[in-house]
Every structure is written in C-alpha cells, then in structure tokens.
C-alpha cells in the first residue's frame, strides 16, 4: 500500500511502505525521468497539430484577431501553470489536478476531472494522428489517411509500452527539432516583415486591416477561436503528471514554470504574428497549413517540404506525450478506485500497460470519424478537445482557491517562481474569465453543439462521482497523496 498523506502533503508515517513492482499487478510507476526530460516534455506536449495545423482553422474563425484569442489564452495558461506548480510542489502525483480536485472538493471532483481529462486525450491523439496522416497523404496520395493514422498510433503505442525512459528520450531529441524549426521560422518571418528578404516587399499592416479589418468575424470569432487556442496550449500541464515519475519532481516543476512565459510568447504569439502579417487571413492555404503557406509565399517552397518532414516528427512527439499523459491519468484513477482495478497494473519496467492499451483502443475508435466524416472530423475533434481543456482548467482554478488558502493558512508559502501573484484575486479572475468565455461559446450557434456536449459529459461524470462518493468506503475518500504508487486495488 502506498504511503498516505494528509491534504497538506505530509506523509502518514504509520503507513507501510509499498512493495516491489510485480508484472501484471498494481505497483509503482518508474521514477526514471530526469530534469532534461521534464523540461522538453513541458514544451513538446503543447507544440503539435494545434499550432502547426489547427491554428489555420482558428485564423479563419477570427482573422487577425487570432492574436487576441491566443494572447488571452496564453495569459490564462501562465496562471494555470503557476497554480499547478504551487499545488504540485508539496504533493507531486501522477494524478495531478485530479488528485487536487479530490483533495479540495471530494471524490466526485477528482473522478470528474480525471475522467474528463482522460477522455479528451484519445480525441487529441486522434487529431494529431489525422494531421500527421494528411502530411503523408500529400507525399503518397494512394495511401488512405485512416490507414496511416492507425500505423502511427501503433508506433507511439510501442514507444510508450517500452518504458518511461524511452518516452522521455524520444521527447528530448524530437522537441529540440521543434524548437529549432519554430525559432528559424520566426527569424525568417521577422526578416520578411522588415522587408529585408530579397523579392518580398515589407507587408506593413495591410494584412491586419485590409480584409474586413482586424476583427472580421467580430468578437464572437475571437471567442470561438479560443477553443482552438485551448487545444493548442493543452499539454503544458503534462509536466505535473510527469513529475510523478521524475527523479527530482520539485526541481523539474520549478524550472518548467519559470520558463512558461517565454515559451508561450515566442512559440505561439511570435509564430502566429508572422503568419497574419505576411498572408491574408482568408487565404485558403492559411486554413490548410499556415506555416507551409507562409514559407511558400516567401518563395521558400523547398523549406515547406522540410517543414512538413519536421512537422511529421513534431506530431509524432505530441502523440507520444498525449498517450503518456492519458495513460498515467487512467492509472491514477484506477489507483484511487475511480476506474477498474486492472487499469492500475504495470509491467516490470513500471509501465501502466493496461491503461495505455485502453487509451489506444479509444483513439482507434475515434479514427472512424475520419473514415465516415473526412471533411469535418478534424475541426470537430479540435473543438471538443479544446472544450474539455476549458473545463479541466476551470477545475484547476477552483481547486487552487481551496488548496492555496489551506497551504497559506498552514504557513506554507509557494516556492519562489511557482506561486500565483495576488492570491486569491488572480485565481478568481482566471476562474471568472474561463467560465465567462465558456458561457459565451454556449451562446454562439457555431460553437454551441460541441461546448454543450463537453459540458453535458462533465455533468454526467460528476454525478457518477458524487454517487460513488456517497456509497463508497472510507478508503476511497481523499487522503492527499505524496507518492505515485497505487493504493491496494480490490
């Protein structure tokens, strides 16, 4: 049985230590991720189809106003990450915010948060697989998109089933490629915007105002685009899940949190600013692939091919992170008796193989949408996944209000560089902004169906969690975990 802790993260020293890992049984995850792995995981999980492909859909929804949508979302992301860091430092756990919801409000909240997050990731995995398969389809038109998507899902499954160290190493090297390509794209874009690239006149502000104005779709377009922005930024929170398998969780969380501002500003706002400055937002090519369209506009067609090759690797990396995060969340749910016990089984290498296989099975089912609805599947999956991120972040902010106050009352101040400024006011502001934006989405016909679907699912699983809380034994009530090891699963 894992060592129990109270809600402050202090261990119950009377609890017996966990036993050794046994293949096929509920046992400890491997703590083999190093600091360099965690740093790159925090970057790689959020740089994938949402930025490289999905941002094109968002640009066509909001026009140049996409910069407002991403700026607002980036501000929220920075605050959410600081909230997570503050809650994670004294109580690192693979269940992350599901555990914090459980501690703050009871079993029902952890149940709902964990299952909502898990359901969102197989959908996200499907989105990345479709985007990657479409790249391959451009090279090999005879190869069906669904077949390629199925093959890459099988590939990332094999990596995740090997070991957590294999996952960490793959992320470390592939993310370096992502970072280098985005930095080069922004550098070339700055040169072009300044009019210093031969054959490309300086665009000025023309593309920001000449095609219906800066907000051609009005503020409603900006609000709708925030759903895609949420999907793009989803994955930043994976670092708090990975911390449960880190050699030094506190150091990894602290370093990732301190660099979040630079990452979201450079990678997202920097690259999208280049796109909307150089190209008309309503260009069909922007909607399909904004980065490749920008390079083609600059006469760098060869660079577009290289970008697609790099994008292939980048999407593979993001799928890797999504499968990792979703399987660990499912493992944590099983450990806490909120999912069938067999999902807490791990291999001799500390890999939760049953959780991985179930996640993959659901992702494969999602790929059927691409088979039967090839023209709308990608956009619908992006929007629904973004909506689940909205609700997950609302839960994180609500949990922080409770646990942040508890920790401060107990005399524990956030570690330098990890706490939320002006607590609780900025936490309240974040919560209000998220709820308000979601309410506006429900009021808009274009976004209503997906937003209501995600909210309805959340209500259903919250009610199931409340029912389980009322009938469950005392062992299933929140206890405040410090370890990433499972409780005994019956």
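Glycine is no exception: its Cβ is also placed from the backbone N, Cα and C atoms.
Whatever TrEMBL says is automated annotation, not expert-curated.
The region 'Disordered' annotation in TrEMBL covers 1-26.
Under the heading compositional bias 'Low complexity', TrEMBL lists 14-26.
Annotation source TrEMBL lists domain 'Amino acid permease/ SLC12A' at 37-444. The average pLDDT the prediction assigns to the domain 'Amino acid permease/ SLC12A' (37-444) is 84.
The transmembrane segment annotation in TrEMBL covers 38-59 (among others).
Summarising the annotation, TrEMBL assigns transmembrane segment to 65-85 (among others).
For 97-118 (among others), the entry in TrEMBL reads transmembrane segment.
What TrEMBL lists as transmembrane segment is 138-161 (among others). If one looks beyond the transmembrane segment (138-161) by at least 6 residues along the same chain, the residues whose Cβ comes under 8 Å of a Cβ in the stretch are 125-126, 129-130, 132, 167, 170, 308, 316, 319-320, 323-324, 327, 347, 351, 353, 356-357, 360, 363-364, 367, 370-371, 374.
As annotated by TrEMBL, transmembrane segment applies to 173-197 (among others).
Under 8 Å from some Cβ of the transmembrane segment (217-239) lie the Cβ atoms of residues 38, 41-42, 44-48, 50-51, 54-55, 57-59, 61-63, 65-66, 68-70, 72-74, 77, 80-81, 84, 96-97, 120, 124, 127, 252-253, 256, 260, 264, 268, 318, 321-322, 324-325, 382-383, 385-387, 389-390, 392-393, 396, 437, 440-441, 444, 446-447, 450-451, all in the same chain and six or more residues away from its ends. Sequence annotations record features per position, and here TrEMBL assigns transmembrane segment to 217-239 (among others).
Marked as transmembrane segment by TrEMBL: 260-282 (among others).
Residues 41, 44-45, 47-49, 52-53, 117, 121, 124-125, 128-129, 131-132, 135-136, 138-139, 152-153, 155-157, 159-160, 164, 167, 170-171, 174-175, 177-178, 181, 185, 188, 235, 238, 241-242, 291-292, 295-296, 356, 359-360, 363 of the same chain sit 6 or more residues outside the transmembrane segment (302-325) yet have a Cβ under 8 Å from a Cβ within it. According to TrEMBL, the feature transmembrane segment maps to 302-325 (among others).
Feature annotation from TrEMBL assigns transmembrane segment to 351-372 (among others).
Residues annotated as transmembrane segment in TrEMBL: 384-403 (among others).
Within the chain carrying the transmembrane segment (415-439), a Cβ under 8 angstroms from the stretch's Cβ atoms is held by residues 72, 76, 79-80, 82-83, 85-86, 89, 223, 226, 250, 253-254, 257-258, 387, 390-391, 393-394, 397-398, 400-401, 404-405, 408, 451, 455, all 6 or more beyond its ends. Residues annotated as transmembrane segment in TrEMBL: 415-439 (among others).
If you look up TrEMBL, you'll see 451-468 (among others) marked as transmembrane segment.
Sequence-distant contacts of the transmembrane segment (451-468) (same chain, at least 6 residues past either end, Cβ-Cβ under 8 Å): 107-112, 115-116, 119, 227, 338, 384, 387-388, 390-391, 438, 441-442, 476. Counting Cβ pairs under 8 Å that are 6 or more residues apart, the transmembrane segment (384-403) and the transmembrane segment (97-118) reach 3 or more and are in contact.
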